[in-house]
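Visitor: Pasting the relevant annotations from TrEMBL:
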type     : residues  : note
DOMAIN   : A:35-541  : domain 'Cytochrome oxidase subunit I profile'
TRANSMEM : A:48-70   : transmembrane segment
TRANSMEM : A:90-115  : transmembrane segment
TRANSMEM : A:127-149 : transmembrane segment
TRANSMEM : A:169-190 : transmembrane segment
TRANSMEM : A:211-239 : transmembrane segment
TRANSMEM : A:271-290 : transmembrane segment
TRANSMEM : A:297-317 : transmembrane segment
TRANSMEM : A:329-354 : transmembrane segment
TRANSMEM : A:366-390 : transmembrane segment
TRANSMEM : A:402-424 : transmembrane segment
TRANSMEM : A:436-459 : transmembrane segment
TRANSMEM : A:610-628 : transmembrane segment
Amino acid sequence: MTLEKPANPRDVTDSPEETAWLERTWHSPGGLLGWFTHVNQRMIGKRFIITAFIFFLLAGILGILIRLQLAGPEQQLLGPELYNQFFTMHGTVMMFFFAIPVMEGFAIYFVPLMIGTRDMAFPRLNAFGYYVYLIGGIVLFGSLLLSMAPNAGWFNYVPLSSKLYSPGYGVDIWTTMITFIEVSALTAAVELIVTTLRMRAPGMSLNRMPLFVWAALVMSFMIVFAMPAVIVSSTLLILDRLVETQFFIVEGGGEPLLWQHLFWYFGHPEVYIILVPALGMISTIIITFTRRPIYGYTALVLSVVAIGFVSFGLWVHHMFTTGLPQLGMSFFTAASATIAIPSGVQIFCWIASLWGAKIRFATPMLWVLGFFAIFVIGGLTGVMVASIPFDTQVHDTFFLVAHFHYVLIGGAVFPLIGATYYWWPKITGRMMSEAAGKWSFWLAFIGFNVTFFPMHQLGLEGMPRRIYTYVEEMGWGDLNLLATIGSLVLATGFGVTLINAIWSVFRGQRAEPNPWGAPTLEWAADSPPASYNFRHIPVVHSRWPLWDWERDRERAVVTGLRNDRREVVLTSILDAKPVGVQVLPAPTIWPFVSAVAASLGFIGIIFHPIFFAIAFFLVAFTLVAWFWPRRPWRND
Amino acid sequence: MKVVQGIDVSDMTRFNPDQRAPLWWGILGLIAIESAVVLTFCVSYLYLAAYAEAWPPSGESAPPMLWPSINLGLLMLSSLTMFLAGQAINRGNQRGLAIGVTASVLLASAVLVLRSLELMAYEFSWKDHAYGSIVWTISGFHYVHVTSIVFGSAVVAILAWRGYFTQQRQIGVVVDTNYWYFVCFAWIPFYLLLYWGPRVYGQ
């Protein structure tokens, strides 16, 4: 649909009085108690991002300690038990408590801004999701300080993780907290889907949606269909451990491989859940720093959707060495190789977009170019391990460790840091230092390759993953030392960005609303945006609204939203025709109370099943309080 | 830059436009998530059955058919009363809504009582074998869901008796009804799997 411009456009003027009303309506209360009542999407998004980066730092420190332990043969820095806890926590925290939440955090913060609205569809649910994540993260990390952290690896295979071989609370905490924070991921996913489908600015039909929004949408659908599998598998495991069910216990007719199927049915899409939003970030950055429309918008969208679908058909390639039927093996090999096609389409579209463009090599763009180099290597080793004979050879060796760090750090963390530099002025109103950004990039890029490239060779030489040390005669010492040195350089690189970020909040150059000359709507808001995001909800006529406005020196907006309560426009799914107005709820403490009640149940069942019933009714009562209509009942 | 009026929304509805308010989509999202959970439970059941030597294990027999079938009927009936309640408030009939929702809550409460009696009479425990584990887990999963719709709809019924819902202000009813259908219809695959499955498959 193209929205007709009215024949006699009426000029819109803002009285400062009305703006002040709007400010008051969307204001988040101050004070410590007020902090727990915030529901605005930018508040929640920012919290997700900051909390996730703190977990990145903590899990990164664990990674460095692991590397120090492995730097030379027969070192005793950590010892076997602590080493097991550290690599388990490193993997678990990086995947569940950093990668997914940080991507969701960016999506929660930027999707509403990019589609031109004032908040998300269910603001209170958003807040609930954050507290669930925060409490889950604190409990899991707290277990490490109490020396009762899980130690059965991030995929927690049975029978190692069953009560017989892992007594103690570590695996219980892993299982309950993973289930718990999946709730947070799922609430964010539903939020993002509904917000994206129903609350886009009038005129922003699906084929005009920014590519990052597409990526966030695909990520959300993947979360909705992947996470239930891990919820079920960890529920079955916790039942095995707490009330003696027999799901994974062979003597009782259980099937340990069921765990692997369920876990990887989630675990493989998980990898792409992390990758897909990163792809959206890359497209966004490329558009801005080439300053022209991207090549192959439709192809890029379709390939992101295709990655979403195909990623659900790959899980068995984590299980090639478990002895599956021949036909199944062939199918999953083919599917694993198939994912290279949409990934390739993405890369070729980006190359075509960069070809002949005047590229500005600012920091965000550097991180994206770094992604290209690293991700292509990771993709190549991915095609290698998709082949069963090769996979059988390198299974559970450092070759795998090298492969997945190439795809995860290269595929997700590099674009993420690039996006952080890119969107930082929007979030904080200050620019980060370019010089420090470039130092940070080169240190991280070199450090990364020095750390992980030698691991390919170590794996081929037969070094297994998850061993806490090795003897000198194996001859793995030199490459391990090199990798450890590399990891320190890599950490320094990320450290420079951390210092740069903190420094810029106080000393950075103040940012204009649109410092990079980008075309998407988030740059139409102030830096940082006002509490209501947009003074007027914009009307959109193409994929590049800000470039249109620059050319036409005129922009159309929505009028008629009330200022004295939180109103946003609802639009139709495909064409974004305005169909009505939604009144959003104001700040409240109830999501926090609900999250505390729910966490009581999840933590409590580790000690006694009765907590399930207690928390069930507590949560039910808090939900009633949360939704109970306040008088006067609305009547318009 | 010149700012002009593109669209004016002052006269647009503030209630459930095009019958698909965000909350309608939200509950659909919850139903999609839970359907994936239901499916995963079914697949786990079939996986365990496929690799078992005998299903149910020798010496055990599948639980009796009569009471779960009656429960199926009651749940379907409660969906019908829920549907009629929704129809009533669509016509602005507040009393019809209140009666319909209350009837559904009572029917589902009856299901809970019957299920409790039935489960207590099971001859095997979840601790005995994987078969017992999955039957008890699926039963417990559905039981908890029936409990939650009874609780949630009781709240809706209270609000309905107090006249909160009107023809326009009824998104709460719509959402509750949709979730109610989901919980009732989720019983169908579980019923077929737990009670018909071993009888068809085991012979």
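A Cβ is built for glycine as well, from the same backbone N, Cα and C atoms used for every other residue.
Just so you know, TrEMBL annotations are computer predictions that nobody has curated.
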Visitor: With pairs closer than 6 in sequence left out, are the transmembrane segment (A:90-115) and the transmembrane segment (A:329-354) joined by 3 or more CB pairs under 8 Å?
Guide: no
Visitor: With pairs restricted to those 6 or more apart in sequence, evaluate whether the transmembrane segment (A:271-290) and the transmembrane segment (A:366-390) have 3+ C-beta pairs under 8 Å.
Guide: yes
Visitor: Of the stretches A:127-149, A:169-190, A:211-239, A:366-390, A:436-459, which racks up the most C-beta pairs under 8 Å with the transmembrane segment (A:402-424)?
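Guide: The listed stretch sharing the most Cβ pairs with the transmembrane segment (A:402-424) is A:366-390.
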Visitor: Hey, would you say the transmembrane segment (A:211-239) packs against the transmembrane segment (A:90-115), going by three or more CB pairs under 8 A that are 6+ residues apart?
Guide: yes
Visitor: Would the transmembrane segment (A:169-190) count as touching the transmembrane segment (A:366-390), i.e. at least 3 C-beta pairs under 8 angstroms with sequence separation of 6+?
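Guide: No, the stretches stay apart by this measure.
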Visitor: Across the domain 'Cytochrome oxidase subunit I profile' (A:35-541), what is the average pLDDT of the model, as a whole number?
Guide: 94
Visitor: Among the recorded stretches A:90-115, A:169-190, A:436-459, which has the greatest number of Cβ pairs closer than 8 Å to the transmembrane segment (A:127-149)?
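Guide: Out of the listed stretches, A:169-190 contacts the transmembrane segment (A:127-149) most.
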Visitor: Under an 8 Å Cβ to Cβ limit, what residues of the same chain, 6 or more beyond the ends of the transmembrane segment (A:436-459), are close to it?
Guide: 67, 363, 366-367, 370, 373-374, 381, 394, 397-403, 405-406, 409-410, 414, 417, 421, 476, 479-480, 482-494, 496-497, 499-500, 503
